[in-house]
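**Student:** Pulled the feature table from TrEMBL, pasting it below:
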type	residues	note
DOMAIN	109-170	domain 'ABM'
TRANSMEM	211-229	transmembrane segment
TRANSMEM	241-260	transmembrane segment
TRANSMEM	281-303	transmembrane segment
């Protein structure tokens, strides 16, 4: 699971962007490096840096490295001083209380409109009790990829803003500027459950929806492995008990790290415990899942080449 460290910095008159680019270049030489982001917009946006690695271990190796310490010392020497400690976010793990983290894929050419809408949201949220700060982190290599980090004093105060009519009224404008709907990061589990905090309470995807999504992925996965991996293991002489065990390892691994996260993203709106509770969204999602069931059942029933039982002695 990927991991991101976000650090706030005191505002400086110059040199911040050049230093961040140098930091990204240095971090890029470490194993597991994925991306770097910079928040350097005018006030009230806070200055900050994010760096993402493909695992928490790789991230901590970077954070604890002499290269990173040297970068921080060189920054301090030019007046670039850290304002916050490192906020570490791990994919699939809830962020600390009071912090909301959102990923945005902005439509090419609409970056300025996106920033105007974000400033409007910041203006609205800053009027709510407990508001502390916002960062708008832009990828140093792709100006369409953004991450916003919203801080409130407590989780309950963040929840009040999240459920407010002011925020709800502003979101359609934001969505119009995105290539895909924004996502609240670090709030989903590998097996189709989305966690969302509202009014201080953590809500999760209903179990029946999670079960439907697991079945949607599990059936074609098992059928495909039985067709292709099963005969292969049988051909090299693996006994049935070992063949089944190895097949389950591949199945669980593929579902945990690749298939379920992908399908969860596709059905995220339906799986969301709040957005997905809207009747229209709920029934449309159910219909879509049932349609996929029908397609996969028809596929494996009609295409003999995919029917594994014809390939065993």
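Just so you know, glycine gets a Cβ as well, placed from its N, Cα and C.
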**Student:** Which residues of the same chain, at least 6 past either end of the transmembrane segment (211-229), have a Cβ under 8 Å from a Cβ in it?
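**Tutor:** Here the qualifying positions are 191-192, 246-247, 250-251, 254-255, 259-260, 263-264, 267, 271, 286, 289, 292-293, 296-297, 300, 306-308, 311.
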**Student:** For the domain 'ABM' (109-170), how many residues does DSSP put in helix, in strand and in coil?
**Tutor:** 29 helix, 17 strand, 16 coil
**Student:** Which whole number is the mean pLDDT over the domain 'ABM' (109-170)?
**Tutor:** 90
